[in-house]
């Protein structure tokens, strides 16, 4: 917590830090306050940096108040303490559940009311289709205590709104995969690869360029994918939505792997450049990844999401783009992805974000 956030005079700040800590931490905070009396006597916020209470006491207090820490997260605040971050991530991993197989008619209230019988529900969310507003058939529940998750898992079958649902423990990824790939839409098929490389090479070293081909005409399509060596060029490029490449005004979007896309979807996105491409905060504050392949590779399986063109390289299928990503302008052919003219790199399944 920064000095400005801590606020108040030094003595009050030290006392506040001491409240949330253990006896040892309280004593440490008081000693620190006494040693910093000169600083505490001033009107500045610097007196609130008592080491004994800030790190230990604040971590315990905020860790115990789930809803408070989540609100801070929603508002974009972050705690720079690695100890705080690791503890909060570990606790959320124990408190959070993925709920699959939901009825299309199930509401957030239904979800919360059902799982409240297992313990205090701090928050819950349903994942909705951004175009239709319809439920995707799955969501997440955050409990106040990990014991509630155990109770849910101990029950063999769960039914909600007349349908058997599929609750699972949520799993947190330890690292965030950097985004190094972009989608370039509205590109003239006649634009030479050299011209594309020259323009985007001005932002950073280009690792590979994918030039998709129509599998019927064997001609290039009006878009491409570019992978950079580092993540920084993507951040620079995403500062503008449109770029002039050759004679074309191109729309740029972040291309994300399946795993990256899953991370972004868990509990929404906050902060980071990827989300700005969608017009809201992006970049996962908690990198949640369920690892439940049946909800992804089969288009969310029984959740009826095949129509969105989600699986494998079909993520580039333009049936999916038209109905979900709104890329109709780049979809003159409705025939999946076809051949890809590619220079360097390896093939992977990506999605524009």
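Quick reminder: no glycine exception, Cβ is built from N, Cα and C everywhere.
Taken straight from Swiss-Prot:
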type     : residues : note
REGION   : 1-89     : region 'Disordered'
COMPBIAS : 11-42    : compositional bias 'Low complexity'
COMPBIAS : 43-56    : compositional bias 'Gly residues'
COMPBIAS : 62-71    : compositional bias 'Basic and acidic residues'
MOD_RES  : 69       : phosphoserine
CROSSLNK : 70       : SUMO2 cross-link
MOD_RES  : 78       : phosphoserine
MOD_RES  : 81       : phosphoserine
MOD_RES  : 89       : phosphothreonine
DOMAIN   : 95-177   : domain 'RRM 1'
MOD_RES  : 117      : N6-methyllysine
MOD_RES  : 125      : phosphothreonine
CROSSLNK : 127      : SUMO2 cross-link
DOMAIN   : 180-259  : domain 'RRM 2'
CROSSLNK : 195      : SUMO2 cross-link
MOD_RES  : 249      : N6-acetyllysine
MOD_RES  : 270      : omega-N-methylarginine
MOD_RES  : 276      : omega-N-methylarginine
MOD_RES  : 278      : omega-N-methylarginine
MOD_RES  : 280      : omega-N-methylarginine
MOD_RES  : 343      : omega-N-methylarginine
Among 127, 249, which are recorded positions, the residue with the most C-beta atoms within 10 angstroms of its C-beta: 127
Pairwise Cα distance for residue 125 (phosphothreonine)/residue 117 (N6-methyllysine) [Å, integer]: 17
Fewest other C-beta atoms within 10 angstroms, as judged across 117, 195, which are the recorded positions: 117
Cα separation, residue 127 (SUMO2 cross-link) to residue 117 (N6-methyllysine) (Å, whole number): 22
DSSP residue counts for the domain 'RRM 1' (95-177), split into helix, strand and coil: 21 helix, 33 strand, 29 coil
Residue 125 (phosphothreonine): tally of other CB atoms within 10 A of its CB: 16
Stretch-averaged pLDDT - the domain 'RRM 1' (95-177): 88
Conformational class of residue 195 (SUMO2 cross-link) under the three-state DSSP mapping: helix
Nearest-integer angstrom distance between the alpha carbons (Cα) of residue 127 (SUMO2 cross-link) and residue 249 (N6-acetyllysine): 33
For residue 249 (N6-acetyllysine): DSSP state (helix, strand, coil): strand
Between residue 249 (N6-acetyllysine) and residue 195 (SUMO2 cross-link), the C-alpha gap once rounded to whole angstrom: 14
Tally of DSSP helical, extended and coil residues in the domain 'RRM 2' (180-259): 17 helix, 34 strand, 29 coil
